Amino acid sequence: MAEKVVVIYSGGMDSFTVLNRAKKDGKEVFALSFDYGQRHVKELECASIVCKELAVNHKVIDISAINQLLAGSSLTDDIDIPEGHYEAESMKSTVVPNRNMILLSLAVAYAVSVGAEQVYYGAHSGDHAIYPDCRPEFVEKMNDVCKIANYESVEIFSPYLSVDKTAILADGIKMGLDYSNTWTCYNGREKACGKCGSCQERLEAFEENNATDPIPYE
């Protein structure tokens, strides 16, 4: 019997690769997506399409009510999405307070309920400079907590924690993945803007892999 794992699946290219890596490794995947009031809700549409295509158990949980507690992020509030590379100081406005701790806590609870021993999520080195909850020390401390928070121990596993988006895409290309149903742009428009830090990092990853990004841009 295949080992069960929960994959936090946003619908973006990183978590899409993580999802497929888990399947490639023979895991029985329980995909978990969250609507936390993000303006780039199109990523959830992509997640739904992919999970149907892969016949993966998929839950989308509406936790948008927590927006009342998470003010100050351009991803959820009426604040302009900054343009430019992730290293820019302005990109800190895209931090959603305590987001990954909240999502991981819910994913761990789900893992316990379905008998999964691991929760996969797509943190990578390109996020370390801006997002504290994507750094190795955060994953380490969360794992310490997850060992004692329940009777059942659950491991948080970030397969790409030490590599960047370019390396993630390279692994996806090796797996033969099609990224046309992934969404990265932080703006909630019909086409990707190509200007926000998230878009720029994605475009750089495709360029560095000598590959063409299949999604439409403005």
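Cβ atoms here come from the backbone N, Cα and C positions, even for glycine.
The ATP binding site annotation in Swiss-Prot covers TYR9, SER10, GLY11, GLY12, MET13, ASP14, SER15, PHE16, THR17, VAL18, LEU19. Neighbour density for SER15 (ATP binding site): within 10 A of its CB lie 24 other CB atoms from the protein chains shown. SER15 (ATP binding site) falls within a helix when secondary structure is assigned with DSSP.
Marked as Zn(2+) binding site by Swiss-Prot on the basis of sequence analysis: CYS185, CYS193, CYS196, CYS199. CYS199 (Zn(2+) binding site) falls within a helical segment according to DSSP. Its Cβ placed at the centre, CYS199 (Zn(2+) binding site) has 22 other Cβ atoms within 10 Å.
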Quiz item: Given CYS199 (Zn(2+) binding site) and SER15 (ATP binding site), what distance in Å do their CA atoms have, once rounded to a whole number?
Solution: 15
Quiz item: Around the ATP site recorded as TYR9, SER10, GLY11, GLY12, MET13, ASP14, SER15, PHE16, THR17, VAL18, LEU19, what other same-chain residues have a C-beta within 8 angstroms of the site's C-beta center?
Solution: ALA47, GLY122, THR182
Quiz item: What's the CA-CA gap between SER15 (ATP binding site) and CYS193 (Zn(2+) binding site) in angstrom, rounded?
Solution: 20
